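Feature annotations, courtesy of Swiss-Prot:
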- 111, 113, 118, 162: Mn(2+) binding site (BINDING)
- 32-47: disulfide bond (DISULFID)
- 62-217: domain 'Cupin type-1' (DOMAIN)
- 78: N-linked glycosylation site (CARBOHYD)
- 1-22: signal peptide (SIGNAL)
């Protein structure tokens, strides 16, 4: 009985610890403004000396009220990310945000955020959005999709492949996203697979995608852009 009584709280502690490690570490003081010039290398950034912190460490004139240029993007979108690299006061706070502009028929291509869940709301226009589950025991990857209108909200679970697409032929769309990490990261699937440096062997990709090497070589020869700013 004693061993049983010991096992349950131990298991619960292990479970809680596992969940805690799955997210950005919680702050242990009021704030920890990132010192990006420090030679110290840690997971995140060391803290700026508190006596040197000022109000501008928590402020950014981001101009998120203004439309962003989508004309230079093959995807027809522009992601303006506000993370700890742009706003040092976000360090240890476990949050960031982005404005996403979509040209007519533009998209934010299938991608993942390895370190963050994303919640998105539409400010203008209409978006067709979705995410795909991880590999399931039955071999399926289930797709969840929804058409969002102005004011609607949608959540993309951490690490899952997701996308947004503006179905309109003549109207742009705008969304604002919040992410549960100071530095969520983004892996655009096509870019990573076909635009890596050095390139992945076409033998590997031809077999993985069940196409011939010519198709792989053609894809690898394309210019794979980054629509995140």
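Just so you know, glycine gets a Cβ as well, placed from its N, Cα and C.
All features noted in Swiss-Prot, drawn onto the structure.
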residue: 32; record: disulfide bond; CB count, 10 Å: 22
residue: 47; record: disulfide bond; CB count, 10 Å: 20
residue: 78; record: N-linked glycosylation site; CB count, 10 Å: 22
residue: 111; record: Mn(2+) binding site; CB count, 10 Å: 21
residue: 113; record: Mn(2+) binding site; CB count, 10 Å: 23
residue: 118; record: Mn(2+) binding site; CB count, 10 Å: 24
residue: 162; record: Mn(2+) binding site; CB count, 10 Å: 21
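Rounded to a whole value, the Cα-Cα separation of residue 162 (Mn(2+) binding site) and residue 32 (disulfide bond) is 31 Å.
Other than 111, 113, 118, 162, the residues of this chain whose Cβ falls within 8 Å of the Cβ centroid of the Mn(2+) site are, in sequence order, 112, 116, 131, 156, 160, 161, 184, 186. When the Cα of residue 113 (Mn(2+) binding site) is compared against those of the recorded positions 32, 47, 78, the shortest separation belongs to 78. Note on proximity: among 78, 111, 118, the recorded positions of the record, the Cα nearest residue 47 (disulfide bond) is that of 118. Per-residue pLDDT, averaged over the domain 'Cupin type-1' (62-217), rounds to 96.
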